[in-house]
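Take a look at the structure below.
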Amino acid sequence: MDFNLSEDHQLLSNTLNRFLGDNYDIEKRNEAGFTAPYHLQDMWNGLAELGVIGALVSEEKGGFGGSAEDISVVFEELGRSLCVEPMLGTLLALRVLSDHGQDERVEQIISGESRAALAVYEPNMSCDLSAMEATAVEQDGVWRLNGRKSAIYGAPGSDFVVVAAKTESGTGLFFLENPVLICAAMVDGGGVADLVMENTAAECLALDAETSLTSALDLGRIALCAEAVGAMSALQDLTVDYLKQRKQFGTTLSSFQALQHRAVNMQIEIEQCRSIVISAVGQFGQPGGERNVSMAKNLIGRAGRLMSEESIQLHGGIGMTWEYPGAHFAKRLVMIDHQLGDQNDHAMRLIATGAKQLVD
Amino acid sequence: MDLEFNETELAFRDEVRAFMRSELPEDISRKVISGNELTRDDYMRWQAILNAKGWLATTWEEEYGGPGWDAVQRHIFSEESALHGAPRMPPFGLAMMGPVLIKFGTEEQKSTLLPRILDGSDWWCQGFSEPGAGSDLASMKMRAERDGDEYVLNGQKTWTTLGQYANKIFCLVRTASEGKPQASISFLLVDLDTPGVEMRPIRLIDGGYEVNEVFFTDVRVPVENLVGNENEGWTIAKYLLTHERTNIAGVGFSIMDLERYKTLAQEIKRDGMQLSDHPIYAARAAAIEADLEALRITNLRILAETRDGSAGGVGSSMLKLKGTQVRQELQDLYRSAIGPRAATLSSGLSHNEMSVPYDAGQAAQVYFLHRKLSIFGGSNEIQRNIVAKEMFRD
Amino acid sequence: MAVLLLAEVTGGELAMDATAKAVTAAQALGDVTVLAAGASAAAAGDAAAKIAGVSKVLVAEDASLGHRLAEPTAALIASLAGDYEHIVAPATTDAKNILPRVAALLDVMIISDATAVVDGATFERPIYAGNAIQTMKSSDAKKVITFRTANFDAAGEGGSASVETISAADNPGLSEWVENKVAKSDRPELTSAGIVVSGGRGVGSEEDFALIETLADKLGAAVGASRAAVDSGYAANDLQVGQTGKVVAPELYVAVGISGAIQHLAGMKDSKVIVAINKDEEAPIFQVADFGLVADLFDAVPELTQKL
Amino acid sequence: MKALVPVKRVIDYNVKVRVKADGSGVDLANVKMSMNPFDEIAVEEAIRLKEAGKVDEIVAVSIGVKQAQETLRTALAMGADRAILVVATDDVHADIEPLAVAKILKAIVDEEQPGLVLCGKQAIDNDMNATGQMLSALLGWSQATFASEVDVEGNSAKITREVDGGLQTISVKMPAIVTVDLRLNEPRYASLPNIMKAKKKPLDEKSAADYGVDVSPRLEVVKTEEPAQRAAGITVGSVDELIEKLKEAGAV
């Protein structure tokens, strides 16, 4: 039983913490996150140089890590500095590409040469891949895609998109170069896109990639949860500092019990969130491990909203301003729940996967 | 990062499991799991079994008859106890009086009193709270006037848990009238059969009998019954209250309760729908399960810090807070799952007459009784104060 | 109980303020002998002889002792050490260069930056950038100490110690002086000035740092800077006030556009009166300021300069 | 030429230090630890000298608790070639004094025969500012403290030092001890591929006894206290009010 980061992970975490701390302040982040292409190319290059993109893929697939723990270490640091770089979309695309022997493309992405995103979600679909409506049909040796994809994270500015669509044999994966995207910023910064496909020709990577997709999406969920933990601890630091400094009625806010108790509730939820991420990371790839992922996403969804609302309330008016960094953390924590299945979707998934024997 | 116990710890867990399976009387575990009151005899039977094995006084040093376990072993033991429905042994003698005597008692007190705790000759109860002093213990008033070789006690104690089974009580008494309130308190041992001691039951919200009030009228106690020095009682009380409390999060209890709920949910139908398929119940259970899994890990994380010697005091406060929230949430879920039948007092029907599983009839009473979890042992608000003090320290 | 005090000598002249403050600290330990060492040091020795509380002055003049190269000066002090229980100096960069070397030659520990004398073997010193104060008791036969001058008052004048000339120790010839780049300034020296005006990152540019200098000149003050201002290139390195720069304790410290990182506070929080001017009312500097003005420095500083 | 770089594991630069309530020291429980920032600069300088072809091997050394291994891995991940860990205590709260550290380093220098030792000018925990000077005395080597520029040329090095009132340039004979100041360079980040490579670089573990050095402290810590807090000040509304208050206080 040891909950300390390994030496390598500690070093990786330190490197990212320092790199982002030195080069990525909140003004720069806010500027980039809401202006196309919704991220900073030099930061992306920097992350590639430091090997951070490679941390998302295993050594045998050309990366430098790829375990659930590697991913959680990276994303916790990204969350701490509220990084809008398209790491989530890259993670999803990298995982399915590396699962299907796309070594050359994987290598290009890891080196920062090109960027990819994964199109899975649709307006009428959340967690359940069987609800997917987009289709792929082979006609005269060419695969044609039809349907609409939405919430393609990190797609703006990417070089290609991997699209999931229904085939006769299951959920297939297709490769689309220079796609025509409907791009936008997200409410909390960073780029996202929709993709409308009408007999769009694409290269087929796999006819049935459901296992690979589920695994990639679960890693994405772990990444989001770890990101949330990083963002929560940064937000909590801001909130506690603010309560210690801000004076009203001649004394600091931190001397009021009503506020103290709210801050303590927040702290306990952060510890719980940290624990559930550890649980999801530890169980990833084990039988039933997807349940721990859903528990994590469910708890993080609830706790993220609590952290967000409480931190704004505890700050008072300043917490409502665009200028105050805490406001952006608060937004991110609520919006994380909208990505890759929210608390309700994951409660449904927990119910559907049934009771797990807790005592053996 | 490694979530697993090491091999020695796993072997220990297996040993405890095997012991629980072979030695824990089934009638006792049934009662524990269904939330029934245990009799004095139930406790004494299990105490004798544990004592024979040397596993009774889990926090005592080996020279006094403890098993010499570390924090992880104690955790494993209490978790396994909960998971198998073993009684939670009343802490007053084993977890409170024993460690206090070992640290502050005279050789005479140690050699006479410690063996009596182990063999069950003495059942201790706690005389701390008073009608006017709950969380604010330092405001207690019960007086002990020195008269020759005796103290003369006058006053009242309350919330004395399982006092009805006890023959001895340890009390905080006021031995001086000046100075800081904390500096005039002493720690005194009293035989409950001393003339002038009167114990009355307090009936609780669920109708059950678990706590008492104790009245002291001119009770004469020999000065040898003092533990530590006169007016040193506050230090001893603080030691007693902060002495490592294993299983404060009650993860094992909650895991059992969740299992019990899941079994129930597969047995009960509501409007023709299996409760386990009822979306609202299932969603609540899923959220609790996530909270509980997180709590399980939080508990292990804090345990690992304790083992590595770097745990802050706030860890046990957090565990108490979240642990009691989860347990109370589970009691509430269980109560609502029973539906209209939860309103029937179980004592009015025999088990055979209940259409729901035999242990479900008491769900509402157990729910009400478990409101105590967030009040005793330092109310959850006190725990928040403790965490806040650390959090807002400069 | 004799004390040998290494005087701060720069270019043949005695740095009176630093030396006189160290004399105050050293007097608590015993009879003070001052060593004035340099390529030329006679004038400095004469000046030191006039500090009240100095009982003897040793003057060592030798080319090897010029420019305060550590090896020859440390060798000289070590050769004199037999007669003294304490070897002390003001905690200047020169002494910090030399005294640890002396301590190692004598096989004893150094006590650097002492802020108070408890008794002959026990001293207080700040650790962790002044976030904690440690009381340390030495078990060494000889104690080698540098004193943080900001914490001691300067000894007065009026002494008339005897002056003795001694010779230098052998120069091991390990290093040679090449050149000095000394910032030319008519302003008072930072560590001994009665008033210090410091600028931080909020000043925004090297050009705008003139605002700080103008205010300093109006007040007859020394100019300081936060690490952020130095790192941003607004001010010269040797103006940095803080844990890793200079420690100052003037009568008046004016912090302009400085947020107040703990490392900066470590270098100035012993000042008698602290004024903070910053537009961010949450800046930690206000927690140590006696007088805080929440204002845009580009309005407030010119106004202050004009009205003073 | 071989360069030796001693590195120390200290409380992270950004962590707010808290004194323990019982006055026995500062609270290090669950506190983030990092490489002393000045030592990072020393490692970076050694790497730059290696990249410039003036150094051919960099040996990082740490003396303290076993956990300092992590600090050495950082040095290796930055670019040091191998590392020596000297476990001198198992108490994370114990600080090995500069004199003892210098004696151990001397023994390592005798074994390794480096041409240059690059140290941080001070550790940000005890702020002692002594190890480099002491090592230099014990070895009888030349010493250049507070370096803001290092220029190695054959048998000598030109070092620019940050001194009171400006900069001083000196020329030292090699082998030399150089202690580095803040503005010498900007240390690089350890990239993940380099972190992975560092795992394979040799790290020898030794004990203080291996070098026959007695590390028992010469200075006993009597107590550790919080510094006196300044009384809360007042906020003034205008420049005029500020001048008035300063006049009242006799400050101008």
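Backbone N, Cα and C atoms are what each Cβ position is placed from, and that goes for glycine too.
TrEMBL labels come from automatic prediction, so no person has curated them.
Per TrEMBL, the feature FAD binding site maps to C:Arg201, C:226-227, C:240-244, C:257-264, C:Asn278. Residues within less than 8 Å, Cβ to Cβ, of C:His264 (FAD binding site) and separated from it by at least 6 positions along the same chain comprise C:Gly200, C:Ser226, C:Arg227, C:Val241, C:Gly242, C:Gln243, C:Ile258, C:Ile285.
Taken together, the residues of the domain 'Electron transfer flavoprotein alpha/beta-subunit N-terminal' (C:3-181) have an average pLDDT of 94. Marked as domain 'Electron transfer flavoprotein alpha/beta-subunit N-terminal' by TrEMBL: C:3-181.
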**Message:** Sub-8 Å Cβ contact with chain A: please pick out which of the binding-site residues C:Arg201, C:Gln240, C:Gln243, C:Ala261, C:His264 have it.
**Reply:** none
**Request:** Only counting partners 6 or more residues apart, tell me which same-chain residues put their Cβ under 8 Å from the Cβ of C:Ala261 (FAD binding site).
**Result:** C:Ser226, C:Arg227, C:Ala228, C:Gly242, C:Pro284
**Request:** Within 10 Å of the Cβ of C:Gln243 (FAD binding site), how many other Cβ atoms can you find? Include all protein chains, please.
**Result:** 23
**Complete:** Reduced DSSP state (H/G/I helix, E/B strand, rest coil) at C:Ala261 (FAD binding site) is coil
**Request:** Please list residues from the chain of C:Arg201 (FAD binding site) whose Cβ is under 8 angstroms from its Cβ, counting only those at least six apart in sequence.
**Result:** C:Ser226, C:Ala228, C:Ala229, C:Ser232, C:Tyr234, C:Gly257, C:Ile258, C:Ser259
**Asked** Non-local Cβ contacts of C:Gln240 (FAD binding site) (under 8 Å, 6 or more apart, same chain)?
**Response** C:Gly224, C:Ala225, C:Ser226, C:Arg227, C:Val230, C:Lys246, C:Gly267
**Fill in**
Cβ density check for C:Ile258 (FAD binding site), other Cβ within 10 Å (all protein chains) comes to 30
**Item:** Collapsed DSSP category at C:Arg201 (FAD binding site)
**Value:** helix
